[in-house]
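A.B. asks: Next up is a structure, given as structure tokens.
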């Protein structure tokens with residue numbers, strides 16, 4: 001009581017000022033580290049650097065929010081970077097999952113660039129769009145990576161190449177080899193299919209790049225694990241989409 005009285009003697013108490021948020025330099029550094037972690041890990045194999053940079057900027061903006069105090073920001077970004085290093089799918093950083101409801105997560109995403117050589121899309125608070133704008137690109141990149149893995153086993157599907165492909169300056173997957181019949185590569189493809197069943201999708205996201213049709217084709221894959229994983233994805237997406245779907249989204 002005496003201590004309380006002394007604190008109040010000066011009138012109003014001695015509450016500490018709120019901790020400041022990280023500065024822009026700190027945020028840029030954290031975003032760069034996150035993009036590098038994605039590129040070095042399994043999740044980034046076969047994915048163009050420009051998309052990894054957009055995803056890193058989006059995830060960082062989500063952590064920063066309206067100005068998270070620096071200590072909390074640093075801790076959360078460190079955890080995010082650690083998760084990115086071991087993730088098998090880009091969707092590990094995607095906050096919009098079914099259990100949270102479609103559209104439950106919203107990331108500040110820099111507008112997609114028209115060129116992979118565009119400047120690094122660092123943190124921004126001025127121009128942001130819903131995470132739904134980035135989801136179609138992530139789904140296409142995931143399907144391209146899965147198809148690339150299966151092609152290396154000699155058990156590729158008849159799926160067409162995607163816009164977000166493994167061409168150009170996209171890094172190769174870890175453990176690259178001739179891969180004919182390699183069960184470890186098939187296991188990676190199956191593991192990468194798994195998160196697709198958990199993400200909340202929209203009609204537009206499934207239609208872009210014929211993602212829905214490409215997943216549907218994998219249900220007939222000769223590898224039973226791949227086929228079963230693809231069936232789970234299709235079943236999950238069909239539950240989320242309207243019964244009457246446009247032709248481009250039918251699975």
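Cβ coordinates are placed from backbone N, Cα and C, and glycine is handled just like the others.
TrEMBL lists these features:
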- 114-123: compositional bias 'Low complexity' (COMPBIAS)
- 164-177: compositional bias 'Polar residues' (COMPBIAS)
- 209-240: domain 'TFIIS N-terminal' (DOMAIN)
- 1-30: region 'Disordered' (REGION)
- 98-123: region 'Disordered' (REGION)
- 158-180: region 'Disordered' (REGION)
A.B. asks: I'd like the per-state residue tally for the domain 'TFIIS N-terminal' (209-240) from DSSP, helix first, then strand, then coil.
C.D. replies: 27 helix, 0 strand, 5 coil
A.B. asks: Which value does the mean pLDDT take for the domain 'TFIIS N-terminal' (209-240) in this predicted structure?
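C.D. replies: Looking only at the domain 'TFIIS N-terminal' (209-240), pLDDT averages out to 94.
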